[in-house]
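Look at TrEMBL and you will find 44-63, 83-101, 113-131, 143-163, 170-189, 201-219, 231-252, 264-284, 296-317, 323-345 tagged as transmembrane segment.
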Amino acid sequence: MFSSEMIPSQQNHVVTTIETMPPETITSSPTMVQRIRKVFSRELLVTLALGQVLSLLICGIGLTSKYLADDYHANTPVFQSFLNYILLFLVYTTTLAVRQGEENLLAILKRRWWKYMILGLIDIEANYLVIKAYQYTTLTSVQLLDCFTIPVVLLLSWFFLLVRYKAVHFVGVGVCLLGIGLMVGTDVLVGRQQGLGDHKLLGDLLVLGGATLYGISNVCEEFIVKNLSRVEFLGMMGLFGSFFSGIQLAIMEHKELLRVPWDWQIGLLYIGFSACMFGLYSFMPVVIKRSSAASVNLSLLTADLYSLFCGLLLFQYKFSGLYLLSFVIIMMGLVLYTSSSTYVAQDPRIYKQFRNAGHPITDTPTLGPLEPSVTYTSLRQEIEEEPRIRVA
């Protein structure tokens, strides 16, 4: 590399520099152990663990709903959601009410009340449609069609949050869906009770509608908790959710409530459902802020497996080793998806800022035609080492 005519002093200087160079600067590529440690980082493991906490909460919601519907014939999806929204109102809406300045409840309502009103209606109907679907279609259909939330979240994140995915993310999603398909197929093989399914088409349409609304709600939630605050989102959901679900309850389910055979056991089931639902709503924004709505929805695919494992003890479900295999496959898909960061194409002309909804936006004068400027930044910064230079 160096010329033979180099003067002796320069040659000595080069030799000294090479000899004193730290060993780590001339090492080869990272070992397999280092690569595994980089993939299974502390952040990834914490994200996976938090997602499984959400799955366990959904498992509790499903178990209490099953007991209410099957054992006590209490088909009250609106009332169950209404209890959750009341808890959100008492905790988070009152917190906003006592705040000062721009984060006060009245200040937020003055700027963007109608957006939260629409979002509240979407969230209410998403819960109602999916819970109602269990009365018309089979458990297998609900488990499969509820996965429609994932492509909805991916598409909405692409167009409205400007998230850009890599090939590994699509592979991870495919592996997760393969795992849920194996789980549903195992249900059929072992003859697990699937429900009556008297109006299967209606039930399937209800699940698809609910999954679509869930996707819209999750993407809006991601934008709000990452740009505004978690307390603001939950406070507004408590305010508008309790108001509109109360109206829907009075119109649609007042007769169902009168037919419920009230006793202390039913009361405990409603309390358990409300506690799990309130925990899910309170904790999900924390996980979404750390990761994304798509990652959270992939994590929730394991909720059906947790419900199954509980059913082995409570409802005498038949066990199969394929259930464990499906759980491993879903977790492998989650690791693939979360092991690589997504990117955001930042163009301020794509959508208006949610924060400045109540104030006019003045455009700065331009001297010529405005050229589109799109930059890409990582949602999770990955620090790459500088390329090492070898001196031969």
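Using N, Cα and C of the backbone, Cβ positions are placed for all residues, glycine too.
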Problem - Outside the transmembrane segment (231-252), six or more residues from its ends: residues with CB under 8 Å to it - result: 78-79, 81-82, 84-93, 95-96, 103, 105, 108, 116-117, 119-121, 123-124, 128, 221, 224-225, 281-282, 285
Practice task
Would you kindly list the residues that approach the transmembrane segment (113-131) from elsewhere in its chain, counting only those six or more residues past its ends and only Cβ-Cβ distances under 8 Å?
Solution key: 65, 77-78, 80-81, 85, 142, 146, 206-207, 209-211, 213-214, 216-217, 220, 236-237, 239-241, 243-245, 248, 354, 357
Handout entry: Stretch with greatest number of CB pairs under 8 Å, the transmembrane segment (264-284) reference, 83-101, 143-163, 201-219 candidates
Key = 83-101
Problem - Range from 83-101, 170-189, 201-219, 296-317 with the greatest count of C-beta pairs under 8 A to the transmembrane segment (44-63) - result: 296-317
Handout entry: Stretch with greatest number of CB pairs under 8 Å, the transmembrane segment (143-163) reference, 83-101, 170-189, 201-219, 296-317, 323-345 candidates
Key = 201-219
Practice task
Report, as numbers and ranges, which residues of the same chain sit near the transmembrane segment (201-219): CB under 8 Å and 6 or more residues beyond its ends.
Solution key: 119, 122-123, 125-130, 132-138, 141-142, 145-150, 152-153, 156-157, 160-161, 288, 293, 296-297
Fill in the blank from the handout: Maximum Cβ pairs under 8 Å to the transmembrane segment (323-345) among 83-101, 170-189, 296-317 is reached by 170-189
Fill in the blank from the handout: Other same-chain positions with a Cβ less than 8 Å from the transmembrane segment (170-189) and lying at least 6 residues past its termini are 139-140, 143-144, 147, 150, 154, 294, 298, 301, 304-305, 308, 320, 322-323, 325-330, 332-339
